[in-house]
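Colleague: Below is a structure I'd like to ask you about.
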Amino acid sequence: MQIHDKPTLKAEARNLNFYYGEAKALKGINMPIYDKKVTALIGPSGCGKSTYLRSFNRMHDLYPGNRYEGEIRFFPDNTNLLSPEVDPIEVRMRVGMVFQKPNPFPKTIYENVAYGLRVRGENNKRALDDKVEHALRGAAIWDEVKDRLQDMAPNLSGGQQQRLCIARALATDPELLLFDEPTSALDPIATGAIEELVHELKKRVTILIVTHNMQQAARVSDYTAYMYLGELIEFGKTDEIFIKPQDKRTEDYITGRMG
């Protein structure tokens, strides 16, 4: 008999609803996020993937009229990330984010990575140097920029900028890293570098990634969730979702019968 280790929960959405004003964008989402695993969110444009992703670091709090119902539990301390008593800044220290288009600050490479550390109160030069190097190494870009840390970040190539943004997210040692279509603006070589990096990163951090690329979801993720019209239609191990989906809507989307 083969015994499989049960994966550890890192986070869990419980009866999660989300509203843009009166428009209900997420409808009763219940979904686990497993520790040190990559979970891909797939589905047509406008189905709620990015809305769901951005709930984890309270990005929606930045805009009036947005509201949540339900919970996102974060483990091992069982914190409800959506609780009004939880500081969104603290949430964003624990939950990092990398956006669709590289968005380096108009600062030096060094200061891009040091920014979050300074916000957290780290001002010791040696400690900053060590943590900046550690983050840049973690994002597989240190060797390319170690001799030009005082160059302006926007002068980097697109792929380098995206890896710098990953380093910036890693600098505060997040427990969960959110990727919102991180390679859609990159060429195939840069895309391959990011995908390889995702495989390395999951050894130290849990990853939730939105992608429209079915092949990418199959390559990089351990678990896949298919969303449609704000609902979670199906969730499971990636190989099972792609080889033998349980819901016909999932099958239709994966096979291209529904876009």
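Placed from the backbone N, Cα and C atoms, the Cβ positions cover glycine too.
The following feature annotations were taken from Swiss-Prot:
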- Gly43, Pro44, Ser45, Gly46, Cys47, Gly48, Lys49, Ser50: ATP binding site (BINDING)
- 11-254: domain 'ABC transporter' (DOMAIN)
Colleague: Using other CB atoms within 10 angstroms as the count, which residue among the binding-site residues Gly43, Pro44, Gly46 scores least?
Modeller: Gly46
Colleague: Which residues, in sequence order, are found in the same chain with Cβ within 8 Å of the centroid defined by the Cβ atoms of Gly43, Pro44, Ser45, Gly46, Cys47, Gly48, Lys49, Ser50 at the ATP site, excluding those residues themselves?
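Modeller: In sequence order, the nearby non-listed residues are Thr51, Met227, Tyr228.
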